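Annotated in Swiss-Prot:
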type    : residues                                               : note
BINDING : GLY114, THR115, ASN116, GLY117, LYS118, THR119, SER120 : ATP binding site
BINDING : ARG386, ASP410, ASN411, PRO412, ARG413, GLY460, GLU464 : meso-2,6-diaminopimelate binding site
MOD_RES : LYS223                                                 : N6-carboxylysine
MOTIF   : 410-413                                                : motif 'Meso-diaminopimelate recognition motif'
Amino acid sequence: MKSRLTALPDWDPALLQQLGLPIKRVEADSRRVLPGDVFLACRGEYADGRDFIPAALEKGAAAVLWDEADGFAWKAEWQAPNLAVPNLRERAGIVAAHVLGLPSRDLTVVGITGTNGKTSISHWLAQAFSLLGQKAALIGTVGNGFYGHLTETTHTTPDPVTVQQKLAEYRRQGAHVVTMEVSSHGLDQFRVNGVEFATAVFTNLTRDHLDYHGSMEAYGESKKKLFFWEGLKHAVINADDAFGRQLAAGIDPKQTRVVTYGLEQGDVRPLALAATLEGLQLTVATPWGTVDVRTGLVGRFNAANLLACLATLCVNGVSLQDAAAVMARIQPARGRMQSVGGAHEPLVVIDYAHTPDALEKALATLSEIRPAGGRLFCVFGCGGDRDPGKRPMMGAIAEKHADVAVLTSDNPRSEDPQAIIRDVLAGMDAARAHVEADREAAIHWAVAQARVGDVVLVAGKGHEEYQDIAGVKRPFSDFRVAEEALTAWGKRP
């Protein structure tokens, strides 16, 4: 079934003319309204934008589009032009896109979705296109902006108006390409409606966000929407993933070109693969020929992400040789298999792995490439107010793959950290785990126990610069704490 989420047939941009004033900017957050804006009062997941119409008008909104539902009526004291729009939340991105001149139409937009790998692939593609002379920006978990000049963000995929504003800003600043992480929440909540995607990339589907979606089936259906997007030219899909194979088989090749990739199968696959602490060496078969790729990126699962990038570059007109050459220059995204130490001290690896699949892949990778005789430590926890079903699963994975499992807090949010730890311990032999709820102390303990040749994986938070405890985000960086722990390690008698 073709999802026509970018150009709803019953939305007519000419309707905005009924407001009787020039429209240069729209805003869906009353706190960000500027004088002269048109305020989009949408019903949201946790709040109703119609409740903030008075606040938007006080800030100078010139007109209001409001969600026509639930018997809501415009109040006479709100003396401003207004227009009732059914399902405004679904149309907000489309309205913003038309007001801003359809910015994605002038860009090559690559959307990346899947449980794991979105951030790495989006960053690597932005780097690669930029190094190839095509100015590239990105929108995602670690930040928004041009590579090397990112601003922090609170959501993987921003709200629909912000998405369009960012695309318009990047177009104005000369971008040719935008790589965008597209979360299941973003698709389910219509945040990318109005975006014209050239290429969609699917990484994998493993357990995550079941607290929101309720089932893996619903989670998969959300991801699937991106690959039946109106006007999509290319779909790059992981054929090692069962859902990916099903997805690829359901796409009409007359509408969208499908290129699969994978470590075991796919149109783009390795004929040879060597993984070490120094990086990856691959000989890759592709529809465009065979090529050797050398990179400093670490880990077999990163080899799969690299193949996704190689395929995406090639379907967008980059020659195979140029694509392979530029991948050799790629640097890892912050908090994604990011290492510190090594050589004459333990190696500490910071990674965002916060799902069972991601944790298992990170541990398996490091177990494979660690020095002979070296031990593998795993410092990890599970987030509060999120799917509790994955907690014992992650405990079992840490016990299976790590020589020393160090159980600590992640972002407990409103939950009791000790209760989360008990949930994790239910999946493992508690006697084999070192428990330290204080994350900083846990990292210091693991590094202090480690020797030269040992590897310490600090998993779960990656790039994050905070820890959310009891609803308060306190400054915290796994990377900074790891550096401090290594400094202390070096000062030992």
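Glycine is no exception: its Cβ is also placed from the backbone N, Cα and C atoms.
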Overall pLDDT of the motif 'Meso-diaminopimelate recognition motif' (410-413), taken as the mean: 96
ASP410 (meso-2,6-diaminopimelate binding site) CB neighbourhood, other CB atoms within 10 A: 23
In the chain carrying PRO412 (meso-2,6-diaminopimelate binding site), residues 6 or more apart in sequence that have Cβ under 8 angstroms from it: GLY381, GLY383, GLY384, ILE420, ASP468, ILE469, ALA470
Inter-residue Cα distance where the pair is the residue listed as 'N6-carboxylysine' and GLY114 (ATP binding site), in Å: 7
Surrounding CB atoms that lie within 10 Å of the CB of GLY460 (meso-2,6-diaminopimelate binding site), all protein chains: 27
Check: same-chain CB within 8 A of ATP site center, minus GLY114, THR115, ASN116, GLY117, LYS118, THR119, SER120: ILE112, ILE121, GLU181, THR203, ASN204, ASN305
Between ASN116 (ATP binding site) and GLY460 (meso-2,6-diaminopimelate binding site), the C-alpha gap once rounded to whole angstrom: 12
Cα-Cα distance linking ASP410 (meso-2,6-diaminopimelate binding site) and LYS118 (ATP binding site), given in Å to the nearest integer: 21
10 Å Cα neighbourhood of THR115 (ATP binding site): matching recorded positions from LYS223, ASP410, ARG413, GLU464: LYS223
Of the binding-site residues listed as ASP410, ASN411, GLU464, the one whose CA lies nearest the CA of SER120 (ATP binding site): GLU464
